[in-house]
Amino acid sequence: MKKTVAVLFGGESKEHEISLQSSISIINAIDKKKYNIILIGVEKNGKIGIRSINNYILFKYNINYIKLAPAVSYLYIIPGKNNYQFYSLKNKKMLKIDVIFSILHGSNGENGAFQGLFNTIYTPFVGSNVLSSSICMDKDISKRILSTFGISVVPSITLYYENYKKKINKIINNIKFPCCIKPSNQGSSFGVNVANDFISLKESIDVAFLYSKKILIEPFIQGREIEVGVLGNRNVISSVCGEIKFKKIFYDYKEKYISKKTKIIIPAKISNEISNKIKKIAKLAFISLECSIMARVDFFLTKNKKIFLNEINTIPGFTKNSIYPKLWSKSGLDFKSLINKLILLTIYKK
């Protein structure tokens, strides 16, 4: 009997549109001979509803206009150990789901919120648990923990919105330029800026606080951006390393999803020694933060060969431009095989 996979996409975060694009690739890749599919769109206001396989996203291939198609039926969630997890309001039917494949990026999707919801309905889901998801989403907390395992991370100053005005003058005196200002719990480079002087620093702080009540100020690292994919539960494997080359001073939202000038080089043109070291650190970070199923780990590699772990993404992108599936493709696991592998890892997770 075929198992039923529910794909969740959309969400309330700033990365709503990226999630929609990722869902297209995943839905196309799921083996329909092996699995039944239920498409669940999460609207920007948080409403959850079933979408038709024939009409689930409008303006699919335009990042500026892409949006969820109207729901076929909104859903109630049924908590507890039940045979059914969702109730359809339109046709009054209960839905049984065996696996949840959530591609909800960012806050209230990648930060443990929905992972906790999945736990309340006792349904296995692709990705890390509540704790790991929450930690990895918070750049400040994840860096503190990774440091205790001897992993080099970019040093940072943490500012909280409620009291930063009392500390800002003292902090500014200790900052060297250029520096990078970023929200602690956002993805896709939302709210991230590089400051070269005190005026741009204060402006960048104000922008970052629009996205989060906690922000980080880091020294700007002049280096190459190297990324590696991690896959597994107890037996963790890593992909080849990839490098992202871009025109701007840093890899911002436009460079990630709009610019056609960004280049992805796989495998990265680095020595075997550096490559193996980065892959080893990626797996150590994945295990140290108790991640599971999948993650993309991002690094900076400086001219003098210093390696800094930048961040861990527990729900990496799956768009046509995303590096995570490309890394695995170059490692011998094509897109459809990768999606099937992720589902099987979830089903047989212990």
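Note: Cβ is positioned from N, Cα and C throughout, glycine not excepted.
Note that this is a predicted model, so its numbers are computed, not measured.
Per Swiss-Prot, the feature domain 'ATP-grasp' maps to 143-344; the stated evidence is sequence analysis.
Within 10 Å of the C-beta atom of Ser200 (ATP binding site) sit 16 other C-beta atoms, taking all shown protein chains into account. Look at Swiss-Prot and you will find 172-227 tagged as ATP binding site.
With a cut-off of 8 Å between CB atoms and residues at least 6 apart in sequence, the same chain places Glu225, Ile226, Glu227, Leu309, Asn310, Glu311, Ile312, Asn313 near Asp298 (Mg(2+) 1 binding site), listed in sequence order. Positions annotated as Mg(2+) 1 binding site by Swiss-Prot, on the basis of sequence analysis: Asp298, Glu311.
According to Swiss-Prot, the Mg(2+) 2 binding site annotation covers Glu311, Asn313, on the basis of sequence analysis.
Within the set of binding-site residues (Ile172, Cys179, Gln186, Glu311), the lowest number of other Cβ atoms found within 10 Å of a Cβ is recorded at Ile172. Around the Cβ of Val207 (ATP binding site), 17 further Cβ atoms fall within 10 Å across all displayed protein chains. Secondary structure from DSSP puts Ser200 (ATP binding site) in a helix. Under the DSSP three-state reduction, Asp298 (Mg(2+) 1 binding site) is assigned to strand. Summarised as a single figure, the pLDDT of the domain 'ATP-grasp' (143-344) averages 91.
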